[in-house]
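Notes follow once the structure below has been shown.
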Amino acid sequence: MQRLVLLLAISLLLYQDLPVRSEFELDRICGYGTARCRKKCRSQEYRIGRCPNTYACCLRKWDESLLNRTKP
């Protein structure tokens, strides 16, 4: 009976899709959750610093039209 419970517990743990991520992974979140770590920032992004993996921390540029909206 104990083996059955152990087998069931192990199978449930293996069934879950746990994300395995490296500390030095590309597209890691940086900048207080607002930016991404990349080897090179894209054309629509600003470089705001460095990530722990020495890649650039890239923040997406704001759309000017969204910042100047006024409600009627």
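Cβ from N, Cα, C; glycine included.
Per Swiss-Prot, Cys37 makes its disulfide bond with Cys51 among Cys41, Cys51. A separation of roughly 6 Å, to the nearest angstrom, links the Cα atoms of Cys58 (disulfide bond) and Cys37 (disulfide bond). Geometry remark: Cys57 (disulfide bond) versus Cys37 (disulfide bond), CA distance 5 Å.
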